[in-house]
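Quick look at what Swiss-Prot lists:
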- C29-C77: disulfide bond (DISULFID)
- C43-C92: disulfide bond (DISULFID)
- C46-C130: disulfide bond (DISULFID)
- C54-C108: disulfide bond (DISULFID)
- C58-C110: disulfide bond (DISULFID)
- C113-C120: disulfide bond (DISULFID)
- N33: N-linked glycosylation site (CARBOHYD)
- 1-23: signal peptide (SIGNAL)
Amino acid sequence: MGTPVKILVVLFSVIVLLAVAQSSYLPPCEPVNETVAVEKEGCPKCLVLQTTICSGHCLTKEPVYKSPFSTVYQHVCTYRDVRYETVRLPDCPPGVDPHITYPVALSCDCSLCTMDTSDCTIESLQPDFCMSQREDFLVY
């Protein structure tokens, strides 16, 4: 093996080791405590509460060559097992159901994003964002 090839092999090895080392410092995909806001059309206040959501790093890869005949799938940290809890929103007028149900993450998984249950956008609102007046109510 010539000197340029040896240098490339060493350089490639260093890059691989750095990539592995960096990924070991990223938080894994797991349930974490988060403050979220729940609100409902017709009710004047939103409720801010504590729950668990899925958050963390999932290994992904992007192909160098993108064929028009293949699809690229990126895995995201999303819910595996959930429990649903229901709370009552304050000051809802008569005729508006004051109850709202929200998910509590029990376990998480790196898998394809399901838009029915997850926000998979690049930039979304913060989980505790309210359109209406806030009322803090901490639930664990």
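Cβ coordinates come from backbone N, Cα and C, glycine included.
What Swiss-Prot annotates, mapped onto the structure for a quick look.
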residue: N33; record: N-linked glycosylation site; DSSP class: strand
residue: C43; record: disulfide bond; DSSP class: coil
residue: C54; record: disulfide bond; DSSP class: strand
residue: C77; record: disulfide bond; DSSP class: strand
residue: C92; record: disulfide bond; DSSP class: coil
residue: C108; record: disulfide bond; DSSP class: strand
residue: C113; record: disulfide bond; DSSP class: coil
CB within-chain contacts under 8 A for C29 (disulfide bond), separation at least 6: C54, S55, G56, H57, C58, C77, C108, D109, C110
Under 8 Å by Cβ from C92 (disulfide bond), counting only residues of that chain that are 6 or more apart: K40, G42, C43, P44, P98
Which listed residue (C46, C58) has most other Cβ within 10 Å, given these are disulfide-bonded residues: C46
Cα separation, the residue listed as 'N-linked glycosylation site' to C113 (disulfide bond) (Å, whole number): 20
Spatial separation of N33 (N-linked glycosylation site) from C46 (disulfide bond) - C-alpha basis, Å: 19
Which of C43, C77, C113, all disulfide-bonded residues, has a Cβ with the fewest other Cβ atoms inside 10 Å: C113
